[in-house]
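So the structure is just underneath, and the comments pick up after that.
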Amino acid sequence: MTRIHWVRHGQSDWNLAGRLQGQSDEARLTTVGLQQAAEVAAALQVYPVRRIITSDLQRAQQTAQIIGAATGIEPEANALLREICLGSLEGGTSAQASAWWEVNASNGADFDPNLAPPGGESFTDALGRVRKLLKTLWQEESDVVLVSHGDTIRVALADHAGEQLRHMAWRPVGNCEINTVVL
């Protein structure tokens, strides 16, 4: 049995400012984010974690390094765990992104997981990246911590629950929240 502990990175300065990060690598953890990472590292001590794999973006790596220091496990960076690329929406606000989605949605009512902002990727594309990594982990027979990002974790959890992305529940994923699934 492989147990995956999804952990979203700690609060970043861009989270605090209400800016969309996507794959931009400018954001850094705030003091609160560093504290959240220390708290999640302590919470993960109850599991027999053997690997920590993190997005290669700095806010996730900062979180993973704190978890790694507490567990004695060196985090492995992997671009497959990056946040969904928001292209031209990166650096903007949630309100700006919502307005873009409303204008560009194919049917105006349903969420379209194949829609991507200019220069960005779709939720379907992001799920494909995550599935590539998960296929390599299903035979681990251990606990693995994956440090990633809100939308990336959201699509992974929906997929694990058997939900179609078009109809997935819009789960909030808090900073340094742990979501555990069994592969």
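Backbone N, Cα and C atoms are what each Cβ position is placed from, and that goes for glycine too.
Those TrEMBL annotations? Automatic predictions, nothing curated.
Annotation comment: TrEMBL describes Arg8, His9, Gly10, Gln11, Ser12, Asp13, Trp14, Asn15, Arg59 as substrate binding site. Contacts of Arg59 (substrate binding site) defined by a Cβ separation under 8 A and a same-chain sequence distance of 6+ are given as His9, Gly10, Ser12, Gln21, Ala27, Arg28, Leu29, Gly33, in order along the sequence.
Residues or ranges marked as active site, tele-phosphohistidine intermediate by TrEMBL: His9. A coil conformation is recorded for His9 (active site, tele-phosphohistidine intermediate) in the three-state DSSP classification, outside any helix or strand.
What TrEMBL lists as active site, proton donor/acceptor is Glu83. The secondary structure of Glu83 (active site, proton donor/acceptor), as reduced to three states from DSSP, is coil rather than helix or strand.
For the substrate site, the Cβ centre of Arg8, His9, Gly10, Gln11, Ser12, Asp13, Trp14, Asn15, Arg59 serves as reference, and the other residues of the chain with Cβ at most 8 Å from it are Leu16, Gln21, Ala27, Arg28, Leu29, Thr30, Gly33, Asn175. Here the Cα atom of Glu83 (active site, proton donor/acceptor) is found 14 Å from that of Trp14 (substrate binding site).
Residues Arg8, His9, Gly10, Gln11, Ser12, Asp13, Trp14, Asn15, Arg59 are the ones the record ties to substrate, and the longest Cα gap between any two of them is 15 Å.
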